[in-house]
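Here is what Swiss-Prot says about this protein:
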type	residues	note
ACT_SITE	133	active site, proton donor
BINDING	186, 300, 441	NAD(+) binding site
ACT_SITE	204	active site, proton acceptor
BINDING	276, 277, 300	divalent metal cation binding site
SITE	300	site 'Important for activity'
BINDING	329-345	NADP(+) binding site
């Protein structure tokens, strides 16, 4: 072949060019102190094709494909269908007893055979979602240093300040549509995991592709490593990040500013940047700072708010009345709690035509120091001030429940076992059907379990949680707990922004997403006490959410893809990534 002759001339000739396989500086011949060139071929075939996760089909390569791409002899003779590969992998996966082992097996598959990974996720989402995302991903992040095998995503550290654009250009895929970025300071309910928080952007983008149909090659997970204040990690010899305390203040702000500018310069105006698991003090500031200049979305603030609002809208079929007829009490006044509260107030304002400020008075927050009230204004963080209402100080949740008498209790505290028997019983005494949402992740940090909610309320509670719980048998009835999982919202929300070429995120798009999700809950679901539709229908749900978001973007003049498609649901479905194997020439 001409290519091999050229390579021979280059490596064996006397023109001084080095780095070829046969050259003294080639990897097989060079001594440890000599430099080598990592040669590779651009066209994947043979051995390299089997190690290319985007194109590898494993034993599903046909006889014709094996001959055409030099795979003959590199694989056992059997040819399997993708369906049989799914069955084989699931059989092996189900033999593992430890969820972390299953998580690692799924991550290995993603690095080996991308299409099979996503086909499995799409076809078995209810079984596999808890493995690739909450709650198992939390343990995966905690142990990321010791289970780290191949790098996934882009790691940008303080050492790279001044070169971030160069790092973005190192990423092999050029047509990026969505970035999920974290600085690892508040990973789920687990705190500061530093660089090991990369498991979250990787997991989130897996769901963008599996549930929302965004092409995997258009997704970029990024960790901004600004250090960690977790002493355990700093002392861990296997920790993969910068071993220094977190950068703060001006140093941090300049670093993030360079990153955001580089992203826009490299990928353009319509690149979606999702902020993920930033600490409260940074999350609000970053969203506020960049929402007018970039297409940005914070899932912890906006995604959580949208999915919870959807559950509340759907629950009205069970509770009766309108949102404005209810009273809400939050345990937790951080980014999730205040984000949900603000979207609820906005929705009530839109429906009643009353000012948002008036609607906020129906919503009460409890933080670590007690009920958020006006007498505490001097010491409250800025984002809590809109929720500081006139009331005498109250320090405990049970006293707040008895004083406020809420119809809806929402937990976003990040601390487990906060909804005690006394609290749940009080909610059941106040309401015929108390709505209890224990949203903190992972499962160990949930404010109460499904069994506790149903048992302590004597079967009267309508319950949903952030992490999954099994159905509960109580006095001859089977209660199916709902899961207020952000995965209902953000994949379809992102697809909607991408498919219409949105240039900014508007709060009305979040309301549209909530209403689209709530519309997918049917009478059959309500009979079971569900306020969210089953996850098995997630691609259909995502298409409707995407259509709702895109329609609102067109209405607000924030969409750049023109003309507007006639049927946005069908258009969303046509845009979705298909993980079924393609035939090769």
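Cβ from N, Cα, C; glycine included.
Checking each of the recorded positions 186, 204, 276, 277, 300 against residue 341 (NADP(+) binding site) by C-alpha distance, the shortest gap belongs to 300. Within 8 Å of the Cβ centroid of the NAD(+) site, not counting the listed residues 186, 300, 441, the chain contributes 187, 188, 189, 277, 335, 336, 414.
For residue 441 (NAD(+) binding site), the nearest of the recorded positions by C-alpha distance turns out to be 133; the candidates were 133, 329, 332, 335, 338.
When Cα-Cα distances from the residue listed as 'active site, proton acceptor' are compared across the binding-site residues 276, 300, 329, the shortest belongs to 276.
Shown in sequence order, 182, 186, 187, 200, 275, 278, 283, 298, 299 are the same-chain residues outside 276, 277, 300 whose Cβ sits within 8 Å of the Cβ centre of the divalent metal cation site. Other Cβ atoms within 10 Å of the Cβ of residue 186 (NAD(+) binding site) number 24 in total over all chains.
Taking the Cα atom of each, residue 335 (NADP(+) binding site) and residue 300 (NAD(+) binding site) are about 7 angstrom apart.
Take the CB of residue 338 (NADP(+) binding site) and look out to 10 A: across all protein chains shown you find 26 other CB atoms.
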